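Data block below; observations after.
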Amino acid sequence: MTDQTSPKPATPAGQADRSADAAPVPRKLFIKTYGCQMNVYDSERMAEVLGAEGYTRTDTVEDADMVLLNTCHIREKASEKLYSDLGRLKPAKLAKPDLKIGVAGCVAQAEGGEILRRMPLVDLVVGPQSYHRLPAMMRAEGQVVDTDFPAEDKFDHLPERRALRGPTAFLTVQEGCDKFCAFCVVPYTRGAEVSRPPERLLAEARDLVSRGVREITLLGQNVNAYHGGGWGLARLLRELAGIEGLERLRYTTSHPNDMEDDLIAAHGDLPQLMPYLHLPVQSGSDRILKAMNRKHTAADYLRLVERIRAVRPDILLSSDFIVGFPGETDADFEATMDLIAAIGYGAAFSFKYSARPGTPAAEKTPVAPDIADERLQRLQSLVTQQQRAAQEAMVGREVSVLYEKPGRLPGQMVGKSDHLHAVHVTDPAGKVGDLVRVRVTASSTNSLAAERLD
Ligand code: SAH
Ligand code: SF4
Ligand code: F3S
């Protein structure tokens, strides 16, 4: 899926290519991020690389000297969005011919030089493992493509984290996936599983905390398969919990088969580890799980959830579901609905199956779209009911909230509870970054209201 034959940037990878007398020229960078939180993290890091080259962020394309689209390939709709957005950039490029347009992320990785052929206005295409090479690519003449999986770690070549805006931060600890679920492009776009060394992660976390961060969410396509320097995720979480000032830890996304005993135990005895876990199951039918190559059954998943709840009874769970996977019958779908009913989720993301080129499932006959639509609607209404019930159950309870921003009303602050609910608190003295105790007074569609206690 990579395009290895395309021209390479003029400057070889990893070389220092900035001469001492070339002070960066101030320029503006517009970044649009699609897809998952790993792309959000990568966009921040790319902005930092380009910051060292004199670029500051702008929210308007018209002001930009460089537009970077950090793309997602997971479903057809996600990747097609790139092309419609590129189409919309034509007037800006005509008005400012030296505007640089770059495509990064998973579509870049999957389609490589094909993007340049379809959209000649694009100047550079950079895969997720090559972001440290961006400055060299920008200096190269003509169109450039880099979708290598280089031997060097891009994170070793990125500048240190700079000033941050809020009290929460993402930290990518693991990338790539070796699971090869039959429907999924991630093993191809992000490559094989790689874990970052724990000492680097601890240093980055300490640095984030010194800049005011109080909550860190560890990221990875298979975050609980983390195995850096002989440590598992549980060990990493325990060490991170020792950093003074780091009040909250979360991690996402996990695979059920990688929930080891020590990680489950951490949920019972690490107070910093928040009681919310995203644990995608995809389907409740063993036949479909097998066809998806998930390597676990519905009963395995139910047992796992029981064990997690035994150590942390109030944990809220969320999941991803795919409906209309090739061969899914009514009975298979009902098994998924039964599993959802048995678990009781705090939230869930559900998707209609989308055939992705190059994946094994793409060869199979899909379920008729109207049947898949109907199933998706039924599943979503069940999940919405469960989500409301989980929110309602919080009313009257004391929870902690980390303020992330002022609310829309005067004197109001908004933040997340331990259980990841958005909470609005009337607190005229409240500041972004405060971690406060509140009592939940009401639940509305997507958030809770609360009063401050201390
Ligand atoms: N690594 C994570 C999530 C990867 S992508 C995990 O293993 O769970 C996020 C979600 O997108 C997946 O959990 C899946 O539900 C959905 N997804 C992935 N490929 C898809 C496809 N071809 N069609 C529809 N949904 C898909
Ligand atoms: Fe995709 Fe499966 Fe890997 Fe998740 S575990 S990223 S769904 S292949
Ligand atoms: Fe999308 Fe790539 Fe993330 S395909 S979901 S941006 S890993």
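Just so you know, glycine gets a Cβ as well, placed from its N, Cα and C.
TrEMBL lists C36, C72, C106 with the feature [4Fe-4S] cluster 1 binding site. Annotated [4Fe-4S] cluster 2 binding site per TrEMBL: C177, C181, C184, in sequence order. Annotation source TrEMBL lists domain 'Radical SAM core' at 163-392. Among the features that TrEMBL reports, region 'Disordered' is placed at 1-22.
What TrEMBL annotates, mapped onto the structure for a quick look.
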{"residue": "C36", "record": "[4Fe-4S] cluster 1 binding site", "Cβ within 10 Å": "18"}
{"residue": "C72", "record": "[4Fe-4S] cluster 1 binding site", "Cβ within 10 Å": "21"}
{"residue": "C106", "record": "[4Fe-4S] cluster 1 binding site", "Cβ within 10 Å": "28"}
{"residue": "C177", "record": "[4Fe-4S] cluster 2 binding site", "Cβ within 10 Å": "23"}
{"residue": "C181", "record": "[4Fe-4S] cluster 2 binding site", "Cβ within 10 Å": "21"}
{"residue": "C184", "record": "[4Fe-4S] cluster 2 binding site", "Cβ within 10 Å": "21"}
Starting from the [4Fe-4S] cluster 2 site formed by C177, C181, C184, give every other residue of that chain whose CB sits within 8 Å of the mean position of their CB atoms, in sequence order.
K179, F180, F183, V185, V186, P187, Q221
Taking 8 Å from the centroid of the Cβ atoms of C36, C72, C106 as the cut-off, which other residues in that chain fall inside it around the [4Fe-4S] cluster 1 site?
Y34, G35, M38, N39, T71, H73, I74, A78, G105, T189
Around ligand 3, within a Cβ distance of under 6 Å, which of the binding-site residues C36, C72, C106, C177, C181, C184 show up?
C36, C72, C106
Quick one: which of the binding-site residues (C72, C106, C184) have their CB closer than 6 Å to ligand 1?
C184
Compute the average pLDDT of the predicted model within the domain 'Radical SAM core' (163-392).
97
Looking at the binding-site residues C177, C181, C184, which has the shortest Cα distance to C72 ([4Fe-4S] cluster 1 binding site)?
C184
Check the binding-site residues C36, C177, C181, C184 for any whose Cβ is under 6 angstroms from an atom of ligand 2, and report them in sequence order.
C177, C181, C184
So, in DSSP terms, is C72 ([4Fe-4S] cluster 1 binding site) helix, strand, or coil?
coil
